[in-house]
Amino acid sequence: MAAAVAMAARGCGGVWRRARQRGAGQPGPGPGPFPRGQRAVACNARGGAVPAGKSGLVPWVPVVGLEIHAQISSNSKLFSGSQVQFAAPPNSLVSFFDASLPGTLPVLNRRCVEAAVMTGLALNCSINKKSLFDRKHYFYADLPAGYQITQQRVPIAVNGSLSYSLCIDNKMSQMVTKTVRIKQIQLEQDSGKSLHDDTRSQTLVDLNRAGVGLMEVVMEPDMCCGEEAAAAVRELQLILQTLGSSQAVMAEGQLRVDANVSVHHPGEPYGVRTEVKNINSIRFLAKAIDYEIQRQIEELENGGTILNETRAFDSKLGCTVPMRDKEGKQDYRFMPEPNLPPLILYDAKSLPANMNHQQVINIDWIHERLPDLPSVKRKKLVEQYGILPEHSFTLLNEDGLAEFFESVVKQTQMKPKKVIGWILKDLLSYLKQHSLTVKESPVSSFLLADLLNLLEKKEISSPAAKQVFMELWKGEGKTPLEIVKEQKLGLLQDQKELEQICQAVIDGQENEVMAIKAGNQKVLNKLIGLVQKKTEGRSNPVLVKQLLEKKLSE
Amino acid sequence: MGVGIKTRSGSGRVATARLSAQPGGPRSQWAAAFLAALPIVPRGVAARWRRAAAAPGEGEGRSAGVRRRRRAGGAMLRTSLRQVSAALKDGRVTPTELCQRCLALIKTTKFLNAYITVAEETALKQAEESEKRYKRGQPLGILDGIPIAVKDNFNTAGIETTCASNMLKGYISPYNATVVQKLLDQGAVLLGKTNLDEFAMGSGSTDGVFGPVRNPWSYSKQYKDKSVPKSHSEDEESNWVITGGSSGGSAAAVSSFTCFAALGSDTGGSTRNPAAHCGVVGLKPTYGLISRHGLIPLVNSMDVPGILTRCVDDAAVLLGSLAGHDPKDSTTIQDDFKPFEIPNLTDFSKLSIGIPKEYHAPGLSSEILALWSKAADLFKNAGAKVVEVSLPHTRYSIVCYHVLCTAEVASNMARFDGLEYGHRSDMKDSTESMYAATRREGFNDVVRGRILSGNYFLLKQNYEKYFVKAQKVRRLIANDFVKVFRSGVDILLTPTTLSDAALYTEFIQEDNRTRSAQDDILTQAANMAGLPAINVPTALSERGLPVGLQFIGRSFQEKQLLTVAKWFEKQVQFPVIQLEEVKRHDSGVFQHKKSASFS
C-alpha cells in the first residue's frame, strides 16, 4: 500500500501538481508504478521550452468515477433456475435459457431484486417503484443471446450516497469522512467466460457465469485519487457483505471495479476521460487510478491529448495500457426487453390489499429488516467499548474480527481498551503473517479470553502471556493454564523466594547499588531486568520494584 | 449443448386411408332464408353461399366389413375434434387407428408440403398409450388420442424444430414448448411439425427452406370446377394457390383432414390469414393468455400461439386446454382461465357489432366487400346493433409494424451465431468471420433483410426517430380499439384478407416484404393491440376458394368473441372441401424438393 498512500498524501487535497515537484525534495513513491526515468527526460525537455511557472505550478484536478459490478449472492441466476457457484466444472451450471436456446424466456429471480433493493436502501438511494429491463446488444462468444438484459432506461435504484473514511498523511489517527454520490444501481446479467487458447487458436467458452445476477453501482465522479476510490470501494464491499447482497470478493470476481479517470485545470471543464478496467484488488485499484492520473497529466503537459479509450491495468508492470476494446465504438442498439413486464415494487402505502405476499416486494418491509451497516457498527463499538475510532475501522475491515473482539471482551475481566491491543497487535499481526482469516485463527476467542484472564489476575506477566500466545498459535489443543504450568511461566507467588533473588541481585551489583544510592534511579531498571532474567520472566515487575526499593532503602 | 443429428428411420407400414368425395348433405335451411332476406347479392357470391354442404359426419351410409371400417375411418377424419373425441370415448375408433389413418393421409397428401417433419414413431407410441388409457376407462380428457400438428417454430423435445431455416435444420430441442407440453399432458397425439415461412416471416408459407405449402383447395372439386384449364399438365402444375401464412402448413393440415387441430403462431396475422385462405377457423387469443415459452419468437411483444381448427367449438376446446398462467412466461396473466363451452347466442338486443370503416382498404376485392356487408346485415337482421366505427390510426399500422417487427427480429436473431446450436459455418478465420458466414448461410434474404433494417432502426441516432415513434403510434392504434370498445361496441367485424388465395406463380412476383405488408393489413392491428381475433370461414369465392371474415373482441373476452363467431359459423354453413383426386396427386405427378420426412 506504500506507493498509493504516498500518492494519496499528495493528492487528496484535491489538487495535483506536476510530478516534477517530487524532485524538489519530496520523497518518491518508492517502487511505484511510474516510469520515472522516462518522465524526467520528458520534463526536462519540456521545461526548457515552457515558462517554469506554467509547466510546473498550474495545478491539475483529477476526477475519478467508478462503475462497480457486484455479483449478487443468490442460489440461482437472475433469470433462470441454474445454480450460482464459483469454480464449478465448466458449463455445469447452464440452463436452456442461459445458453439462449431459442424459445426460452427470462423469469426474474425475486432474491436478486431483494438484494438490489437492500443495497439501494443501504446506499441511501430512492428505490424506483417501477423499473424497466432493456437489451444491450453486442456479439461476443460468452454472451450467448447476443444481448445482455440490463436496466438502461429506468434502473431499480437512483440518487444515493456513500460515506467513507480515509486517513490523511498515512496516520490512522487522522481520518476524514467523505461522500460519493451514487448515480444508480441497475440489475443486469453477467456474461460467461471466454478462455483463449492461443497455441491451438481456440476460444473455449464457459457459461457457468452467464446470467448470474449483477448489481451495477454507478458512482459519480466525486473522487480525486486512488486512495479515495479504494476507501469508497472498501466501504461498499463491507456494506454488501453486511447485507449479504454480495459476497463481494474481488479475487473471485464478485466485485469488479472499472474506474473513469480524467484531469483538468481548476475552473475548466472536465477533461477527456479514460476507462480503466482489469483491476482485481483494492490495492491495484488505487495504484491503477494514481498511475492513470499521473499519465494523463504528463501526456497533457507534454502537449499530447487524452483519448476516450478503455485501458487495462497491468498489475505486473504497475501501469495502464490501451485495451483492444471488444466493444470499441459499438452502438449497443438498446431496446426494451419485451419478455419482462415492468418491475413493480410496493411500499406500505401502495401495497394493494388482497395481494399475494409471495408475488410482491415491499420496500418498507425490507427497510425495517436491514442489518446494522458498518458505519453504525463502528459507532457502536466506539461508544460501547471506548476504543478509538480508527480501531473500529480495523475491527470491521477484517471479516469476523469485530465479532471476535466482542466475544473476547464478554469472556474476560480485562478492559476492552486493553483487549483491543491484543486483538490488533497480536492476533491480527499473526493472522496477517500467516495469511489467515479470522475464522481460520488457531487461537479461538475463548482461549484468548482465558489467557487475558490469567494476565488480568496477575498470574502471569505480560511477556509470559506473549509466550503463551505463541504456544497457543501452534494449535496443539492446550489451554493457556496448561501451557503456563508446563513451561513454568506462572509468576513466583512465593514472596520469600523472590526476596531472596532480589537480595542476591543487590549483593552481586555493588556498582549499580552505589549509583542508585547516589540518586540515579534509572539504574534500578537494570536491577529489575536482572531479577526478571533470573526468574525467567516469572516475576511481577511491579512487585520486584517494590522489593528492590525497600531493600535498597534499608 | 446437444445439437444432435436426427436419424431418419424407414417409414412404418400404415394402412392407407382414402379420401373420397362425400355426397352433399341436405341444403341448409338457413342459406335459403338468408338469401331471401338479402336480395342484393353479387351473383358469384350468392352461388357460393348456396353451396352449403353437409355438416361434418352427416349423411353417411353404412356398409359392411373392412370397407365399412375404412369408410367410417375416412369419414372420421373429416369430423370435428369434439365429434372424434366422442367416437374415441364410445370406442367407435381407437386412438391407434385414428393416428394411423392420419399418418396415411399425410403420406397421400405429401405433395401439399404441409409437414416438415412427421413424427410417425412417437405419434404411434403416444396413440398406443392413449389406447391403454381408454381401455382402462381413464382417458385424460377430450384431447386424449386426438391427432394434432404443431407449427415448426414451437420447440418439441426429441423432434426436429427447424423454423424452416437452414439455421436450425437438424436442430432437436431438449424441451417442449409449454403449449406442446400441455397438449401432450392431455393425451394429444403429436403427428408432426408443419411448414411455414422461414422463422414465420412471411404471409404465403412460400419462403421456407423446405419449399412452399400448397393450398389443399387447389385440389378441391370446388376450385377445379371453376378454373378453366389451358392444357391439362401445365394447368396442374401452375394452377395451385398458396395457403397464406406464415402458419400455412398448419392451416393446410387441418384443411386437408390430416389432423384435427393444429398450432400456429400469430404475430401480424399468421394464423388468421392462412386460416382464411384454407377455409378453417383460426384463433389468435389475447396476448398474455397463452404461454409463449418454447415458441421461437418473431416479435415477442406481438407473438401469440394460434389455434387452427375445423370449427369454432373446437377452437374453444383447444383454448381451454392451452390458456392460463405459465411461470416460464412472465407476460402471461396471473388470473386463472376457466375453460368454457360456447353458449348459444340468443339475445341480440345487447350485442353491438362495429364495422371499422378503415378496413375498407384499397385492394379489397368486391366479393369480399359484399360478403362483409352481407354478414353485417345478418347481424342487423338478427336484432344486433351494427354500427360503423373508426379506427383512424389503422392506416399507420403497416409502417409501424415494420419498424417494431424488424427491431425485435434483429434482436431475437442475434443469438443465432453458430456457437451454441444450429448451423455453424466452416469459416474459421476469426470468430467474427465465422459469425458472419454462419448467419449468411443460415438465414434467407427475408430474415437478413429484416435484421438489417431492424438494426438500423435501433441505432442510437435513429432510435427516437423510428423505434420510439413507432411505439407511440402503436399506442395510438391500441387506443383506437379501447375507444371503440368503450363506446359500447362488443365485437368488430372485418374481412380477414383482401382477396382469396393467390396463385403461387402470381404470389411470387412480388417480394416478401411487399406481400407481408399487403396481406397483414387487416390482421396486424389486433396484434398491435394484443386483442383476440378469429377468422371464420364464410364462403367460397367465384374461383371456388375460401374466404373468411374476422371478428375482433375485447381483451380476454374470448368467450364473447367465440360465442358470436360460433353463431356466425352456424349461419353461413361453410362448405366442406371436396378432395376427390387426392389419390391421383399422390401417384407422382408432382415433383417436390422436399416435403414430409418421416422420423
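The backbone N, Cα and C atoms fix where each Cβ goes, and this holds for glycine too.
Per TrEMBL, the listed range annotated as region 'Disordered' is B:1-25 (candidates: B:1-25, B:126-150, B:426-450). Feature region 'Disordered', per TrEMBL, maps to range B:52-72 of the set B:52-72, B:262-282, B:346-366, B:577-597. Neighbour density for B:SER246 (active site, charge relay system): within 10 A of its CB lie 38 other CB atoms from the protein chains shown. Annotation note: B:SER246 (active site, charge relay system) sits in a coil segment as assigned by DSSP.
The secondary structure of B:SER270 (active site, acyl-ester intermediate), as reduced to three states from DSSP, is coil rather than helix or strand.
The two recorded residues, B:SER246 (active site, charge relay system) and B:SER270 (active site, acyl-ester intermediate), show a Cα separation of 5 Å.
Separation of the C-alpha atoms of B:LYS151 (active site, charge relay system) and B:SER270 (active site, acyl-ester intermediate): 11 Å, rounded to the nearest whole number. According to its DSSP assignment, B:LYS151 (active site, charge relay system) is in a strand.
Cβ packing within 10 Å was compared across the active-site residues B:LYS151, B:SER270, and the lowest neighbour count falls to B:LYS151.
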